[in-house]
Amino acid sequence: MTNNSTCIQPSVISTTALPVTYIFLFIIGLFGNSLAQWVFLTKIGKKTSTHIYLANLVTANLLVCTAMPFMGIYFLRGFYWKYQSVQCRLVNFLGTLSMHVSMFVSLLILSWIAISRYATLMKKESKQEATSCYERMFYGHVLKRFRQPNFARTMCIYIWGVVLVIIIPVTLYYSVVEATEEGQSQCYNRQMELGARPSQIAGLIGTTFIGFSFLVVVTSYYSLVSHLRRVRTCTSITEKDLTYRSVKRHLLIIQVLLVVCFLPYSIFKPIFYVLHQREGDCQQLNYLIEAKNILTCLASARSSTDPIIFLLLDKTFKKTLYGLLTKS
């Protein structure tokens with residue numbers, strides 16, 4: 001096997017561009033998400049299910065923002081650190097844990113928001129257009145729950161609990177066992193970047209989960225468009241069309257987020273696991289590792305840009321924030 005010190009050689013992209021990007025994302029993400037959380041918790045009186053989902057999404061964003069300085073320092077100095085050093089262990093564990101917990105919590109909440117927005121559309125239609133017993137039960141009881149604040153709070157608690165129970169053991173195993181199996185000396189090493197088979201299997205399961213979340217959003221969006229076309233063929237434009245357009249815009253925003261930020265990462269992950277197994281091709285290995293790290297950074301960038309998305313997703317948040325800015 002090619003020696004780690006000669007095979008794994010980070011380029012200027014890893015040692016300069018990624019640290020600068022992570023620090024920049026940390027600054028704007030911390031400010032924007034802190035402001036958003038302050039608005040959600042203190043300035044919005046009657047909270048809807050959407051507000052609860054978004055507040056938990058902000059919490060996940062703040063979690064990944066706290067990991068960004070660790071990730072930036074890792075790429076800047078990791079090649080020079082000894083693996084057994086305190087800073088290496090700390091950066092590795094906290095960075096990996098925060099990044100993955102935030103990613104999966106965000107995906108689940110985005111999926112729940114998509115279902116909640118679709119439930120908003122079907123609220124009035126369930127009584128007017130549902131004819132079968134199945135339709136009345138599904139639209140009147142199942143989807144209705146996604147719009148209830150208490151249900152939203154309960155689901156968010158379950159989301160955080162399940163994700164933490166799954167991610168923490170995997171991260172501990174990766175940080176304590178896998179990254180030291182081959183006796184690497186540097187913190188930035190082959191085993192740290194690739195992981196052993198258990199971590200790769202967990203990564204593939206996570207990729208499948210990302211695909212499922214994307215499928216939920218796409219299905220909600222497709223159902224909305226189909227319903228809107230059916231309504232417009234038999235009715236004139238009414239006030240409800242404004243609701244349709246609003247929900248359609250919300251689902252489209254979530255869909256674009258998943259496509260731009262998460263889909264490249266999830267598509268590349270299986271390819272990465274297959275191609276890196278070729279022994280001796282150090283140049284290709286370095287390219288693969290840097291591509292993986294760039295796409296991971298892209299996935300985490302969503303957390304820093306979410307406050308802008310909130311302005312598009314929630315009118316109450318937009319009015320409250322504009323009111324605060326006007327007063328100041």
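Glycine residues also receive a Cβ, built from the backbone N, Cα and C atoms like all the rest.
Remember, it's a predicted structure, so these values are computed and weren't measured experimentally.
The membrane topology recorded in Swiss-Prot keeps A36 and Y221 together on one side. Below 8 angstroms of C-beta separation, residues 61-62, 65, 109, 112-113, 116-117, 146-149, 151-153, 156, 303-304, 306-307, 310, 313-314, 316-317, 320-321, 324 of the same chain, each at least six residues beyond the ends of the topological domain 'Cytoplasmic' (33-55), sit close to that stretch. Taken as a whole, the topological domain 'Extracellular' (273-328) shows an average pLDDT of 81 in this prediction.
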